[in-house]
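**Student:** Swiss-Prot feature annotations, pasted as is:
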- Ser13, Trp14, Lys108, Ala143, Arg258, Val282, Glu284: NADPH binding site (BINDING)
- Lys108, Gly139, Ser141, Lys194, Asp247, Ser257, Arg258, Asn259: sn-glycerol 3-phosphate binding site (BINDING)
- Lys194: active site, proton acceptor (ACT_SITE)
Amino acid sequence: MEKQTVAVLGPGSWGTALSQVLNDNGHEVRIWGNLPEQINEINTHHTNKHYFKDVVLDENIIAYTDLAETLKDVDAILFVVPTKVTRLVAQQVAQTLDHKVIIMHASKGLEPDSHKRLSTILEEEIPEHLRSDIVVVSGPSHAEETIVRDLTLITAASKDLQTAQYVQELFSNHYFRLYTNTDVIGVETAGALKNIIAVGAGALHGLGFGDNAKAAIIARGLAEITRLGVALGASPLTYSGLSGVGDLIVTGTSIHSRNWRAGDALGRGESLADIEANMGMVIEGISTTRAAYELAQELGVYMPITQAIYQVIYHGTNIKDAIYDIMNNEFKAENEWS
């Protein structure tokens with residue numbers, strides 16, 4: 001692939017890691033953010049110490065606060081901003097962009113009030129004459145591992161296969177490999193909903209439960225994620241792939257996962273306010289829990305784990321009581337769909 005110019009919107013942990021992947025592949029990378037101190041640190045010291053204390057970035061990676069300068073003559077734009085501001089940033093891009101580009105996003109969540117997927121938001125806010133079909137970049141990936149060039153395999157999903165293949169080639173190298181998929185709904189819902197299950201898995205650890213319980217929540221969590229995804233139009237096969245069970249395993253079992261760590265702290269009795277203050281990073285699983293719960297209620301989809309976590313987070317239900325309620329639900333067959 002010829003050298004491409006890519007704007008990465010969002011200098012968080014994952015945006016920074018993906019910027020390095022693109023730079024390693026010989027592309028021009030421009031990171032955009034709205035914190036002058038952070039942007040200056042990236043350009044002056046080639047570090048982003050809030051996320052990576054010991055990592056030095058290539059000096060070819062340039063950061064900007066000016067969106068127009070960032071987007072000038074770019075070939076592709078990668079959104080890696082928190083879910084709650086995706087629409088706002090997309091509106092700013094639509095007002096600034098003056099040519100057609102490939103639009104990608106690598107964030108995982110649902111818009112809190114509308115319950116919409118992020119690709120839908122980007123489609124709504126960025127006119128068709130300025131963009132390709134949206135490409136979702138998602139899968140089992142800790143930024144802490146990708147930034148040190150550990151092996152990572154994820155998915156590029158788009159309704160248009162050729163556009164997904166462009167992104168596959170854009171990112172893939174000897175340590176970072178992408179597979180294509182045309183099931184955007186499946187890949188996107190898997191990436192968003194696994195954060196909820198990761199909060200639950202972390203809570204079980206914080207409460208002192210063993211591996212049996214942790215395996216159960218991942219397996220049963222995958223079942224309810226699949227039920228909701230299929231109700232929205234996804235293929236059930238997607239959830240057995242990298243963006244489904246793969247991402248759920250890596251997020252639901254690792255201390256690298258901020259959603260798992262948040263759940264672990266909840267299980268140990270910390271308040272949600274203290275957890276969010278101490279974490280210093282967005283915990284997408286918290287807001288996604290409400291969106292998924294309300295969406296499941298609207299569609300009549302059975303999601304007992306999501307419901308339990310929703311009750312704990314938003315109504316102050318005791319975690320042990322929530323677990324007791326799940327364990328005393330009506331008996332069901334394992335493959336029952338409701």
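Every residue gets a Cβ built from N, Cα and C, even glycine.
So that I understand the layout, could you describe where these features sit and how close they are to other parts?
**Tutor:** If you take the C-beta of Ala143 (NADPH binding site) and look for same-chain residues 6 or more apart in sequence within under 8 angstroms, you find Ser13, Trp14, Thr16, Ala17, Tyr51, Phe52.
A helical conformation is recorded for Asp247 (sn-glycerol 3-phosphate binding site) in the three-state DSSP classification. The local packing around Asp247 (sn-glycerol 3-phosphate binding site), expressed as other Cβ atoms within 10 Å of its Cβ over all shown chains, amounts to 26.
Counting only residues at least six positions away in the same chain, the Cβ atoms of Lys108, Gly221, Ile225, Gly244, Asp247, Leu248, Thr251, Gly252 sit under 8 Å from the Cβ of Lys194 (sn-glycerol 3-phosphate binding site).
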**Student:** In whole Å, how far does the CA atom of Gly139 (sn-glycerol 3-phosphate binding site) lie from that of Glu284 (NADPH binding site)?
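**Tutor:** Distance (Cα to Cα, whole Å): 15 Å.
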**Student:** Checking the binding-site residues Ser141, Ser257, Asn259, which are within 10 Å of Glu284 (NADPH binding site) at the Cα level?
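**Tutor:** For Glu284 (NADPH binding site), the binding-site residues whose Cα atoms are within 10 Å come to Asn259.
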**Student:** For Arg258 (NADPH binding site), which of the three DSSP-derived states applies: helix, strand, or coil?
**Tutor:** helix
**Student:** Could you check which of the binding-site residues (Ser141, Ser257, Asn259) sits closest to Val282 (NADPH binding site), going Cα to Cα?
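**Tutor:** Going through Ser141, Ser257, Asn259 one by one, the closest to Val282 (NADPH binding site) is Asn259.
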